[in-house]
Each structure stands twice: as C-alpha cells, then as structure tokens.
Amino acid sequence: MQKPLNIGLIGYGFMGRTHSNGYKRVNDFFPELKHRPVLKAVCGRSPEKLKAFADQWQYESTETDWRELIKRDDIDAIDIVTPNNSHAEIAIAAAEAGKMILCEKPLALNPTEGEAMVAAVEKAGVANSVWYNYRRVPAVTMAKQLIDEGRLGRIFHYRANFLQDWTISDDVPQGGAALWRLDAAAAGSGVTGDLLAHCIDTAIWLNGSISKVSGMTETFVKERVHTETGKVQPVSIDDACAFLCRFENGSLGLFESTRYARGHKALYTFEINGENASIRWDLHDLHRLEWFDHGDEGKLRGWRSIHVSDHDGEQPYMDRWWVPGLNIGYEHTFVHHVADFLKSLDTGETMHPNFRDALETQVVCDAVLKSAAEENWKVV
Ligand code: SOE
C-alpha cells in the first residue's frame, strides 16, 4: 500500500496540465514507489475555470485563495504554477507552513527573491524542487551519464539555442492571465527567464557552473496593447537574448533564445564538444542523441545517431515505457520528474534540481540581463 501524497496545485494553465498528468501517470509506470500523489485540491481565482479544470483532471476540491489552501492539514505538497511574480510569496508561506514545494521555473523574478525562497525551504527542512523538465528527457539524462563517465574528456565548447516565433506580430497583446509571459512585472524577464533558463539549467547540470557572462538583448516590438485595459503600453521584456560565457571547467559557452525565429515553435538544441567526443541533442527529435567518438576506428568514424529507447536497462527511464524502439514525448519528462521526486522522499536523497540549483540558474539569468543592459562582462 503506497502512502498518499496530497497535492495542492496553485494555478491551472498549461503547466498545471503537464504536472497533473505527471501525478496521475507516475505510479502506473513506477510501481515500486512508496508514495502515491493524490490530486487533493486545485486553487485559482476564476471559479468557473477552476471548476472546469478540477472536473477535467479529477481534483477532489477547489480553493480560490492560496492562503486557505496552504492552511489545510490535508495538503502535503504545494505545486506552484502561477506567474513568476507570485512564486516567492507562495513558496515562502508554504515552507513556513511545513509543506513540500514543487515550483515551476524560473524559480523567482530575481536572485533576491530566489535567495529568500532557498532560505525558507532550507530553514523549514521541506522537500523542494523546480520543474526544469528537460533534464529528464532520456537522451539528455544519457548525455549526463556519458559526461560523468568521462567519455568526452576535457570539454571545450557548450552551445545551446531555444527558439520560438510566436510574438513576431505586433498584434499580439501583452499581460493578463494568458499573456503574462510578455509582461516583465509578472514574468521578471522575457526569453531569458522563460527559455534561456532551461538551457542554463541543463548546461550547469551537464558542464558545471558558469563563471562569467556577456549578453545582448533586444526588444523588437516596442509597444503592445494590454489584454485587459486595451491601452497601448511599452514592451518591457527581452524578445531575444544571446550570451557568451566561460564555465568554471575552462570551456566556452554560446547561448541564444528568441521568440522571433520564424519557423521555430520550440526548438531547444545543444551541442557539447570535448577532447574525445561530441554530443548533440534536438528537442524535436528528442529520442536521438548524436554522438561523435574520435576513438572509433578511423575509416568508420562519424556521427552516430543513437535512438535512446532500449530496454536493457542501460538507457535511462526507457525500461518503464513500451517495447524497445517505441517513442515517448514531452509529457513523459514530467512523469519522470514526479517519479524522481517521490523516489527522493522514499530514499531520503536530495532531489535535483531543487530551489538551490534553480537559484544558480536565476543568478546567471540576472547577470546576463545586467551585462546586456550595461554592455559589459559580468562575473557570476
Ligand atoms: C513558453 O512558450 C514555454 O511554454 C515555456 O514557458 C516553457 O518553459 C518551455 O518549456 C516551452 O515554452
């Protein structure tokens, strides 16, 4: 019999669906786990939308005030999927109430908030995690294993892109419940916190800490209509951001994200070049890990395309799903995240990425934005 882990979800947008799906699926595919998430309550401000979400995802109850949710004795873990400007207040209150916390990325609006969040969870001693989900794409996890096994040797280069094209039209409004990602007051930043933060989280995980950055940003559309007031307002987010960096291991990094790359909806790619081998990965072909090994016999040397989907137990996560060679998708990264979170409760091991890990990403994002504003290098 598994122990129930009663979830209180705050917010119910796109990320509320990905997390709810993770909670619902996890025990079917990870039956050895000793905890079972129970969709106890969902919280949001619009009663009608809240009821529709609760009915669809089978949450047992609803709350319209997150403070009331946090007070409830029947809630073990608070999951925060609200806009970024409410993460800190909710997470700190939840930690003080002794709740475990799973928070959407980015951790906070800025490092100051992030530090207060880390202090709160560490003082309360509550389990905590941030949903940087791409770490748990099996091919990305396998890249981590190959690097940790030392197969790349010394690493020279890390490059990553996250490209979208959904804000090119100046007719796209900004702000409000649906388009808060375009409002700096709610989001903290534009593509830096929303997209580059994913690339930075993966990069730090795979290649270690970043020590120095030099960034540039641009806001291509300067004014947009606000969704709720109908008024034309200045755009205060970064529409595109690119930066150079140095890693502590001596390698050089090159990162780019934009919402103005016509033709790209969510293209996340990275490439790592080491002394002995190189690795390449592309979200749109997420099972494939491209691998070049200089140790291969000369006449056969070339890029291998490894379909990470085998069941012999050597390729991460895949033995949980279908038969060898069959695919899984984006949603499974959230199932894996929940599975690893529950496993950390079972074993007492620390879950990663946690608030402290996500703070490191937040600090890099902040340094990139400051460097872009001041047109100089920043030490992280
Ligand atoms: C934005 O469009 C977005 O949904 C991000 O908020 C997510 O974190 C990213 O995974 C996909 O794109």
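Positions of Cβ are set from backbone N, Cα and C atoms, glycine also.
According to TrEMBL, the protein has these features:
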{"type": "DOMAIN", "residues": "5-130", "note": "domain 'Gfo/Idh/MocA-like oxidoreductase N-terminal'"}
{"type": "DOMAIN", "residues": "142-280", "note": "domain 'GFO/IDH/MocA-like oxidoreductase'"}
Determine how many residues of the domain 'Gfo/Idh/MocA-like oxidoreductase N-terminal' (5-130) DSSP places in helix, in strand and in coil.
60 helix, 29 strand, 37 coil
Per DSSP, what is the residue count of the domain 'GFO/IDH/MocA-like oxidoreductase' (142-280) in each of helix, strand and coil?
31 helix, 55 strand, 53 coil
